Structures are given as structure tokens and as C-alpha cells.
Amino acid sequence: MNKPLRRVAIFCGLLIFALLLRDNWLQFVRADELNSHAKNTRVRIERYANERGNIIVDGKPITGSVDSQDPYYKYKRTYTDGPMWAPVTGYASQAYDANQIEKIEDGILTGNDDRLFFDRTLAMFTGDKKKGGDVVTTLSGAAQKAAYKGLGNNTGAVVAIEPSTGKILALASTPSYDPTSFAGYSGKDEKAWVALEKDKNKPKQNRAIREIYPPGSVFKVVTAAAALESGKVTDIDAATETPEGWKIPLSTKPMKNHSGGCANASLNEALRISCNSVFAKLGDDVGRDKMVEMAEKFGFNAEQFTPVRSSASVYDKQADRGGNALSSIGQFNTATTPLQMAMVTAAIANDGKLMKPYMVDKLVAPNLDVIKQNDPEEMSQPVSPENAQKLQQMMENVVSKGTGAKADLNMDGVKVGGKTGTAQHGEKNAKRPYAWFISYAKTAQGSPVAVAVIVEDAEGTNREDISGGGLAAPIAKAVMKAVIKSRG
Amino acid sequence: MSVVTNTTTIGAIEAPSRRNTELALLAFAVVIPVFAYLNVGLAIDGKVPAGMAGYGLGLALLAGVAHLVVRKWAPYSDPLLLPLATLLNGMGLVLIWRLDQSPRLIATSMRLYKSFSPDAPSQMMYSAVGIAMFVGVLVLLKDHRVLQRYTYISMVVSLVLLLLPLVPGLGADVFGAKIWIRVGGFSIQPGEFAKLVLAVFFSGYLMVKRDALALASRRFMGLYLPRGRDLGPILTIWAVSLLILVFENDLGTSLLFFGMFVIMLYVATERTSWIVMGLLMAVAGAAVVGSTASHVKSRVAAWLDPFGCLETATDQNMLNACDQMTQVLMSFGSGGILGTGLGQGNSDLISFAANSDFIFATVGEELGLAGVMVFLLLYGLIVERGIRTALAARDPFGKLLAMGLSGAFALQIFVVAGGVMGLIPLTGMTMPFLAYGGSSVIANWALIGILIRISDTARRPAPAPAPSPDAEMTQVVRP
């Protein structure tokens with residue numbers, strides 16, 4: 001009986017060996033995949049196991065952590081003025097993961113980032129509790145408050161940037177949501193989440209960076225920049241050869257203007273009264289490829305990382321001549337995020353130099369050591385300083401004598417330049433138009449702020465009244481005022 | 001068959017009893033779990049656990065008693081078996097105690113049953129009963145060959161044990177598997193005891209019948225095929241296994257018994273044909289039942305694609321099976337190579353049967369790949385010491401019994417560990433010594449007791465031959 005016994009011994013050995021192999025496969029080869037699997041709640045448990053670091057605005061936290069006395073997730077996220085700051089912070093929910101800064105800087109906020117290794121090790125020896133680091137933002141509480149209040153019950157978004165650095169000062173989107181309402185994982189949190197998901201006004205959508213809108217007339221400043229840079233226009237006060245009723249190329253339709261006086265209007269005048277015909281013809285003269293080049297220098301056709309990702313704004317690269325002419329006045333396939341228009345404005349206000357927009361100023365370890373400092377970074381130079389100054393002159397004209405009068409700050413030593421836009425959209429333009437306004441303020445020391453405002457749907461306003469100058473300009477004004485005041 | 005006929009040449013040399021080796025190993029088997037206990041306490045509360053002295057003394061006392069009994073009643077037995085079992089039992093207690101302190105499992109229990117009672121104290125008691133069983137086996141069973149007398153009684157007893165859970169009013173359905181009976185507040189898993197009794201029956205039966213099963217056969221395609229009437233026993237065991245599978249919904253038990261029988265049949269007859277036939281029958285049975293019984297079907301679905309079947313599950317039962325499987329796999333994966341450390345993992349996310357069926361996942365997560373390999377090797381050592389005992393045994397009954405018990409032990413390890421690690425479909429069995437459960441601990445201590453008894457007989461030096469008067473050089477005949 002010993003021969004089969006030996007064979008069975010080998011067989012039993014093989015069974016154990018198979019288990020050992022399988023275990024190596026599971027715990028070595030597949031360990032990372034299983035450890036970071038989307039279904040693995042350990043990631044979330046770890047996220048809430050310790051007091052989470054905070055997101056800081058103006059030196060004060062806009063987030064917090066409370067001990068939720070829960071066996072699964074120890075700490076729960078809280079937010080101060082949640083709806084106002086939601087487009088900046090995003091959310092960190094025990095049941096629904098996290099997004100935006102809460103997700104991108106999760107490593108710092110939880111304290112698990114490799115850069116915090118030393119702090120963790122030190123805390124282990126001193127017996128301190130592990131704690132997350134803080135994310136200090138570039139935002140300005142005053143500007144954000146002005147933007148959020150200005151939007152009120154309207155659907156819309158506001159982005160304000162400091163032109164000289166690219167620091168994002170305000171990032172508001174309405175209607176908004178309170179991330180505290182679903183920070184946990186109870187039935188109440190689920191109800192709040194489901195309600196937000198179902199809400200047809202899409203409150204969770206970050207309109208400031210994730211929604212692309214037809215820009216309409218505010219895009220004309222890009223076309224003006226292209227006309228100046230390409231040399232098609234050198235003197236902004238010289239008449240352009242544009243007949244009233246200029247025909248759209250490849251089409252028999254004439255380009256319609258909404259105001260009189262556009263025939264052969266100069267660039268300056270055409271921007272002031274927002275002549276479609278002049279800018280469509282200029283776009284056509286400059287040509288598609290040059291227009292695309294200019295738009296892309298301003299940041300079109302690319303996602304921006306602030307570090308929160310924005311949608312890519314669009315300037316059609318394949319449009320035919322007619323399409324290009326319409327694109328040049330912000331119609332056809334042209335679409336842009338509010339952030340993109342704020343970038344355009346900021347570049348012009350900063351004498352033609354576009355700074356990369358960002359909203360995380362620095363990352364700070366629990367012991368207040370700075371782990372990472374983000375410095376202003378130049379993205380491109382879409383227009384020369386001379387042409388930028390011409391553009392500023394024209395935009396200031398819009399505010400002082402044209403459609404943007406409501407944005408004028410009337411402050412000594414502060415010049416304001418802007419552009420209105422009323423973008424029509426929907427089948428046969430049947431939907432309520434979008435009211436746009438872009439503007440910047442400028443003092444002797446340079447420009448402290450550039451703003452882009454969009455108001456999607458203005459409740460209780462007659463269609464005719466919806467215009468960038470009427471609805472959006474006052475919000476831009478409030479934001480600029482808040483920034484200048486807070487800078488003293 | 002080649003029974004070692006001349007063993008006196010080995011026995012003539014005074015074989016060392018190895019009892020002191022056993023004692024030294026036992027010291028490690030007690031000290032390691034005590035350190036693990038301390039480790040858990042420090043990780044969870046940050047201080048030395050209050051129960052450490054009690055736990056350490058308890059474990060040392062049990063190990064000491066077992067050792068003294070072995071020294072007295074089985075002095076020549078294998079020195080590794082007792083320390084290995086003690087170490088596994090001790091570590092099992094630590095793991096159960098660790099899971100007792102999980103706030104999540106306490107919260108779940110409060111939600112479901114409005115009460116929570118820690119399992120470690122009861123497991124400590126079961127371990128004591130298990131050691132008592134071990135002592136009882138060694139003291140009362142002076143010679144394992146006595147069991148031979150109870151061959152057919154064993155058959156009846158094992159059948160009754162196996163079928164008890166099906167008796168209405170006695171059997172309890174625990175999450176689909178009907179392998180429990182409830183007697184006066186205690187849940188008993190008769191299958192664990194049936195394992196031992198069946199091994200006795202198989203050994204006795206095969207020892208008598210092996211010549212008929214081995215020799216009366218026809219040769220067909222290189223295999224010796226048995227005669228039709230000799231197929232009776234294997235067909236009966238097969239049918240009983242299938243009955244268990246179908247009516248008790250327990251893939252593990254049925255696989256274990258059938259596998260044990262095939263291994264013993266092969267060892268007894270030395271005919272490979274039995275293995276081939278056994279495999280074919282097992283595959284056929286598994287295929288039929290697997291495609292019809294919903295309980296088995298969901299387990300198979302959870303095995304094939306655990307994450308995918310979370311979305312494609314057709315009913316709640318299957319969804320639960322898949323969810324358990326994914327939780328267990330992620331628990332292993334999160335352990336990585338060295339694990340999170342005792343008390344610092346999240347294996348309590350497996351909220352169902354975390355300290356019984358799925359206790360190995362806690363080993364995986366908190367002790368990592370290294371820890372799991374150590375545990376597998378410990379089990380492997382028990383199995384190989386058991387087979388070594390079978391090789392050394394001098395009587396065919398002892399050989400078969402030792403082989404059957406070690407084979408069943410090996411199969412159980414494979415089925416359980418393979419199940420939780422996703423190598424084969426999950427079945428409802430528990431890791432011997434590690435998992436929470438009185439029946440399992442008590443039955444496995446009895447198993448170790450029997451192996452130690454057989455190994456004692458096998459290694460005991462044969463008595464010196466009585467001096468034969470004829471061998472004297474000269475004979476003085478006195479008138």
C-alpha cells in the first residue's frame with residue numbers, strides 16, 4: 001500500500017502548492033487592482049478614517065470634518081456656505097465618492113500622499129493622530145459672494161480671474177447644491193443625492209467650467225484680436241468696407257444686424273454697437289485657419305486643468321467659409337465655457353499675455369509646511385501689447401459709450417472695459433437667449449480682475465430684455481467692485 | 001500490497017520518543033498566539049489587552065495537559081501534530097477575538113439580532129472541549145485497531161449523522177445550506193463528526209474487500225475495470241454524496257466525502273482505474289447538480305466572474321454570493337505582501353460569517369501573502385505528517401485510517417482555502433482549528449488524537465523477541 005500512499009502524498013502536496021500559487025496571484029499580482037477597485041470601500045474608509053484636511057479661502061477653511069460616530073466612516077465632511085463654494089470644492093461623500101478638488105487633492109486632504117510620508121512617520125512616533133493637509137485656494141471670498149449673490153435665482157455662472165497671474169478669484173454656478181446634504185451615506189443622504197440627480201435644472205453641473213455655451217457677441221473680441229494681429233485692421237477707427245446686408249459666403253442670406261449704423265463701421269464702432277456684418281466679414285477676411293490659430297492661442301479646443309478639468313471650448317476647425325463667418329460672431333459651432341471667456345478677457349487686460357488659470361495656490365502639510373506652491377505660469381501671448389491696448393480701448397468704449405454701460409464702476413482711477421453678448425440658441429432660436437458679459441477693471445497698477453458672466457435663463461424677463469448689458473453686466477460690476485474693494 | 005513484515009530491525013534500536021521536541025515546539029505554539037493577541041490589543045486600543053494573561057495561561061494549560069497526556073499514553077507519537085494544531089487553534093482564537101472587537105460587526109449584529117455576544121470566549125470553551133476529546137481519544141483508545149470492530153456500526157452512525165440535518169424540526173437552514181442541527185440551544189454540524197466515523201467505516205470495509213476490488217477485474221484500454229457487482233460501494237457513496245449536495249445544498253461536504261472515499265479506494269487497491277472512475281463520476285454529478293440547483297449555480301457564477309456577476313445576477317441569492325466573493329477577494333488584495341497588521345485591516349467588511357467561513361480572508365488582509373503562505377504550510381505539514389504516519393503504520397487498517405483522515409483534511413483545506421481565494425467555487429465549510437465553530441474544533445481535535453494514536457503505534461519499538469529456548473548454545477538436560 002505504500003506506493004499509492006506516496007502518490008497521494010504528492011497529490012496532497014500539489015493541492016497545497018496550487019493554493020500557494022493562487023494566493024501569490026491574488027495578493028501579489030492582483031493586489032493593486034483589487035486594492036484600488038472601484039467596489040473596494042477601503043478607499044473611502046481610508047478617506048474618512050482621519051480628520052480630513054481643509055480647503056482654505058482667504059485664510060479661513062470653507063470645509064470641516066465632524067466625528068460621525070459611525071463604525072464604517074469615522075469622519076464626515078461639512079461645508080460652510082456649501083452651495084456658494086460647491087463649484088470650487090466639489091464634494092466628498094461617503095456614499096458617492098468625491099469630485100473636483102476633494103478628489104484631485106485627496107491624497108493631501110487624507111494625509112496619505114507620499115509627500116506627507118515624513119509627517120505620517122513623525123506622527124507615529126509622537127503618538128499624534130494622523131491628519132490631512134490643507135489645500136489653500138486662490139479664490140477671494142468677497143468676489144465669490146458677489147458672484148453668487150448676483151446670480152441669485154437665475155441659472156448661470158461667473159468666473160473671475162486675476163489677469164496678471166491667472167489666479168481664479170471667483171467660480172460660481174447656479175443653481176447650486178449643498179455638498180453637506182449628501183456627505184454621509186444614510187437614507188437622508190441618498191434622498192438628497194437622488195433628488196439632485198433627478199433635478200432637471202442640473203444643480204450638480206459646474207456651469208463655470210463644465211458647460212459650453214454659444215458665446216454670441218462676446219466672441220467678437222477674439223475676432224477683433226485676430227483682425228488686428230493678422231494686419232487686416234491696423235487703425236481701429238478707420239472705416240471697414242462692409243456694406244449693410246453683407247452676404248454670408250456660400251449663401252444667399254445677408255448677415256443681419258440688430259442695430260443701425262453698421263455700414264462700413266470702423267472696428268471700434270462695430271464693437272461698440274456689436275455689428276454682426278463687420279465681424280463676420282472680418283472673420284472671413286482673416287480666414288478660418290488664422291481664426292482657429294487665434295482662438296487656440298486663447299485656449300480654445302483644449303481642456304484646461306485648474307487643476308479641476310474644464311470642458312474644451314470649441315472653435316470649428318473644419319468649417320466652410322460660411323460657417324467660419326458665422327463662427328466669427330460666436331454662432332455656428334462656436335461654444336465656450338465661462339472660464340474660457342474669462343481667460344480671453346484676462347489676456348486682453350494683461351496686455352496680451354495669457355496666464356494659465358489656476359485655483360490651488362498651495363498645498364500645506366498638517367504642520368503648516370508648504371508642500372507645493374503653484375506659481376503663475378504663462379500660457380501664451382495671443383496678441384501683442386500694442387494690439388491688446390487697442391482692444392482695451394475698444395472694450396472701454398463699449399462700457400463708457402455703448403451696450404455695457406451698466407458695468408461701469410464709476411471709480412476714480414479705475415477703467416472698465418467690457419463686451420456684451422446675447423447668444424441665441426435652440427431650434428429657430430426659440431429658446432431664451434443666453435445673456436453674456438465679459439469685462440475687466442484696470443487701475444494704474446494694472447488689471448486686478450477680469451470677469452465672464454453668463455445668465456442662462458432669466459425668470460420673469462421679457463425676451464427682448466435679455467441682453468448681456470442688462471442682466472449680466474451688473475453681476476460683473478459687483479464682482480469687480482468686490483475685488484477692488486477687498487484689495488483696498 | 002507490501003506490508004512491512006520485518007520491522008524488528010528498526011524497532012530494535014531504541015527509537016527516541018521526541019517528546020521533548022514536542023514540548024519545545026509547543027512553547028512556540030503558545031507564545032506566538034500570545035504575541036499575536038498582544039499585537040491585536042495594541043493595534044485596536046493602544047494598550048496591552050486585559051485578557052492577555054488569561055488567554056495565554058488558558059492556552060498554555062490546554063497545551064500542557066495535551067502534552068502530558070501524550071507523554072503518558074502515546075509516548076512514541078509524532079512530535080509535530082500537537083504543536084501544529086495548538087498553534088492553529090491559538091491563532092484562530094486570536095483572529096476570532098480580533099473580529100469580536102470590530103465595531104462594524106457589532107453594529108451589524110445589533111441591527112439584525114438586537115444583541116451581540118463575543119465569540120472568542122465560546123471558542124475558548126470549545127477548544128477546551130476539543131482538548132478533552134483529544135485526551136479522551138488517547139486515554140480510551142489504547143489501540144486504533146479496536147475501531148475495526150465497529151466497521152458497520154460506523155456506517156450506520158455516519159449515515160445518520162449525515163442525514164440528521166434533513167430531519168424536520170432538528171435541522172436548521174443557515175443561509176441556504178442545511179448542514180446544521182439545533183439541540184437545546186446548541187448548533188451542531190454533524191458533518192464534521194461524520195468525517196471521522198466515515199473514515200473508520202471506509203478503512204474497515206476496504207481492508208476486508210480490497211482484494212476483491214483490486215483483483216477481480218477485466219482489462220479494458222489499459223485500465224482494470226471492476227466487475228459490475230464490485231461497483232456497488234462506490235455507487236452508493238456517490239449517490240449519498242449527491243443526496244447531500246442536492247438536499248443539504250452543501251457542495252463542500254459532498255466533495256469531501258466522495259474524495260476521501262476515492263483516495264482510500266485507490267490506496268487500498270492500488271488501481272488507478274478507481275481514480276479515473278471517481279473523477280468521471282464526480283464531474284458528472286457536479287455538472288448535473290451545478291446546472292440545476294440554484295444555490296450551486298450562484299456559487300459558480302460568483303466564482304467565474306465575481307465583479308461582473310454583481311451586475312448580471314439574476315436573483316438576490318446570487319447577488320449575495322457574488323457580493324461575498326468580491327468582498328473576500330478585495331480583502332485578500334488589500335492585504336498585499338505583508339498585510340495591514342493584526343487589528344488594522346478592514347476584513348470586517350465581510351459582514352457575513354467573517355469569523356467562520358471567511359476567517360481566512362482576515363488572515364489574508366491582516367497578515368498578507370506571507371501570513372497566508374505560513375498558514376497553508378502549517379496545514380500542509382499536518383497533512384504530510386498524517387501521511388507519514390500512514391506510511392509508517394504496520395497494519396493495513398491503520399494505514400487506511402491515517403490516510404483517510406489526512407486525505408480528508410487536505411481536501412477540506414483545499415476546498416475551503418481554494419473557495420475563499422476564488423480558485424474553485426465557494427463551499428460552506430470552515431478552516432479546521434481557525435474558524436469559529438464548536439463542532440469543527442472538537443472533531444478536528446479528535447482527528448489529531450486518532451492520528452497521534454496511530455503514529456504512536458507505528459513508531460513504538462517492537463517488543464524484543466522473547467528468548468527462545470532452542471537458541472541456546474547448549475542444552476542441559478536434567479534428569
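These residue numbers are counts, starting from 1, taken along the chain as shown.
A Cβ is built for glycine as well, from the same backbone N, Cα and C atoms used for every other residue.
A quick note: this is a predicted structure, and the numbers were derived from the prediction, not measured.
Features reported for this protein in TrEMBL:
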type	residues	note
TRANSMEM	B:23-44	transmembrane segment
TRANSMEM	B:50-69	transmembrane segment
TRANSMEM	B:81-99	transmembrane segment
TRANSMEM	B:124-141	transmembrane segment
TRANSMEM	B:153-181	transmembrane segment
TRANSMEM	B:193-208	transmembrane segment
TRANSMEM	B:228-245	transmembrane segment
TRANSMEM	B:251-268	transmembrane segment
TRANSMEM	B:275-296	transmembrane segment
TRANSMEM	B:358-379	transmembrane segment
TRANSMEM	B:400-427	transmembrane segment
TRANSMEM	B:433-452	transmembrane segment
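Count of Cβ pairs under 8 Å against the transmembrane segment (B:433-452): among B:124-141, B:193-208, B:400-427, the largest is for B:124-141.
Beyond its flanks by at least six residues, the transmembrane segment (B:400-427) meets 144, 147, 195-196, 199-200, 202-203, 206-207, 250-253, 255-256, 259-260, 263-264, 267-268, 296, 299-300, 302-303, 306, 321, 324-325, 328-329, 332, 357-358, 360-361, 364, 376, 379-380, 382-387, 389-390, 393, 444, 447, 450-451, 454-455 of its own chain at Cβ-Cβ distances under 8 Å.
For the transmembrane segment (B:275-296), the most Cβ-contacting stretch among B:81-99, B:153-181, B:193-208, B:228-245, B:251-268 is B:251-268 (pairs under 8 Å). Listed stretches B:50-69, B:81-99, B:153-181, B:228-245, B:251-268 were compared with the transmembrane segment (B:23-44); the greatest number of C-beta pairs under 8 angstroms is found for B:81-99. With pairs at least 6 apart in sequence, the transmembrane segment (B:124-141) and the transmembrane segment (B:50-69) have 3 or more Cβ pairs within the 8 Å limit; the two touch.
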